[in-house]
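According to TrEMBL:
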| type | residues | note |
| --- | --- | --- |
| ACT_SITE | 236 | active site, proton acceptor |
| BINDING | 45, 144 | NADP(+) binding site |
| BINDING | 174, 178, 212, 231, 336 | substrate binding site |
| DOMAIN | 9-183 | domain 'Glucose-6-phosphate dehydrogenase NAD-binding' |
| DOMAIN | 185-479 | domain 'Glucose-6-phosphate dehydrogenase C-terminal' |
Ligand code: BG6
């Protein structure tokens with residue numbers, strides 16, 4: 001069981017709070033990982049009475065939590081710990097009311113979860129301070145996106161830095177809470193076998209793909225301002241790249257891990273000038289079919305501008321300027337409304353130095369995060385019978401088979417528990433976020449300067465043709 005605390009969720013009636021955070025907190029409560037006296041207080045503008053909020057929370061949690069895990073008694077006890085406080089986070093006076101509502105901290109740790117628009121981050125930091133709510137024990141959880149550029153991210157970090165110590169700030173990237181993502185660290189740093197081949201003399205290239213079938217759902221207004229680059233590439237994909245490419249840390253603890261990650265971000269070769277056109281592809285989906293269902297073009301989605309040029313797909317060829325990775329392309333891509341949901345990392349090894357057999361193919365390590373958690377190594381083997389006919393066969397590590405079909409923790413459960421335990425290993429440090437923006441900004445600016453409109457792709461396809469050419473002209477192809 002963790003510390004006695006109050007958890008305040010700004011954006012408490014938003015999608016993230018209702019769809020992810022409350023179900024995660026319910027699971028933690030059910031497993032007795034939360035203090036029984038915990039208070040979870042949703043903060044939002046609408047003037048909802050508490051019982052209406054409870055009805056909304058229950059409806060959304062029931063829809064999200066598997067039936068077998070939804071225990072009526074536990075829910076009754078959990079919901080008694082839930083509360084709702086109407087306030088406008090841009091108004092300083094509302095924080096004074098909040099302070100009165102919360103009462104004396106008296107040994108409780110206050111956790112503020114900012115699941116709200118990033119333009120409210122700076123006012124919230126200042127108002128918490130003025131209202132006397134920012135004591136030394138408080139913890140702040142910042143949801144991505146942290147800003148929309150290096151400048152705005154720095155302003156947010158400055159504002160929180162003026163009020164809280166860095167150790168009190170937890171910048172969340174839910175990809176770091178995923179089981180297979182952590183397994184990637186186990187795979188790399190607990191298996192000496194891989195280390196000698198995990199470098200440019202053996203690796204031809206790396207692919208990191210997060211492909212979604214989903215569109216923008218109810219988040220059109222946010223997404224149309226963000227686009228795939230700010231929404232996914234700046235954070236989730238770059239975090240995955242860091243874990244693939246970083247050097248082994250001296251200890252598995254927050255500062256050591258984050259020191260290594262930030263070195264990778266700083267070693268990323270800037271994409272500027274002509275490279276913006278040669279090494280990046282932005283796309284936007286047009287109407288198409290997914291799973292037999294017609295879906296509209298992006299610009300017809302709810303709350304999206306009719307002549308929007310926001311990208312819903314991005315692919316980039318990145319390079320890391322260090323000894324281990326010099327010369328190895330890292331191809332990153334992510335997009336919405338693609339043919340299938342699949343998040344994966346592919347380490348493509350080089351072919352054997354001298355070929356003895358026809359038909360042999362280079363080894364490939366596949367780390368699949370979604371939809372199934374799977375790690376598999378493609379090896380060449382001889383087919384039975386006369387003659388040396390070779391075929392690639394997979395050595396499979398199917399985690400569901402090995403560890404059984406027990407309920408998998410959601411990334412938010414693990415990360416919320418880490419916040420309660422004060423462990424920031426799986427959270428982004430200030431310099432990481434800023435280094436990521438410093439690499440992304442020139443790409444975004446380059447697109448603007450060259451009026452590089454997004455390339456259309458049909459919903460249900462594998463993205464724009466140009467994304468395929470990005471690899472094809474180097475004799476490579478995306479792993480599908
Ligand atoms: C979020 C993005 O951070 O990650 C969404 O804002 C995206 O646009 C989501 O759909 C993908 O997360 P997951 O865990 O479903 O792969």
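For all residues, glycine too, the Cβ spot is worked out from N, Cα and C.
Automatic prediction, not curation, is the source of TrEMBL annotations.
Here the features listed in TrEMBL are placed on the structure.
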| residue | record | Cβ contacts under 8 Å, 6 or more apart |
| --- | --- | --- |
| 45 | NADP(+) binding site | 86, 87, 88 |
| 144 | NADP(+) binding site | 171, 172, 173, 234, 235 |
| 174 | substrate binding site | 20, 236, 411, 412, 415 |
| 178 | substrate binding site | 369, 411 |
| 212 | substrate binding site | 334, 335, 336, 337, 338, 341 |
| 231 | substrate binding site | 145, 223 |
Span of the substrate site, taken as the largest CA to CA distance across 174, 178, 212, 231, 336 (Å, rounded to a whole number): 20
Distance-selected binding-site residues near ligand 1 (C-beta under 6 Å), from 45, 178, 231, 336: 231
Protein Cβ atoms within 10 Å of residue 236 (active site, proton acceptor), excluding its own: 22
Model confidence over the domain 'Glucose-6-phosphate dehydrogenase NAD-binding' (9-183) (mean pLDDT, whole number): 95
Coarse DSSP state, helix versus strand versus coil, of residue 45 (NADP(+) binding site): coil
Neighbour tally for residue 336 (substrate binding site), based on other Cβ positions within 10 Å of its Cβ: 24
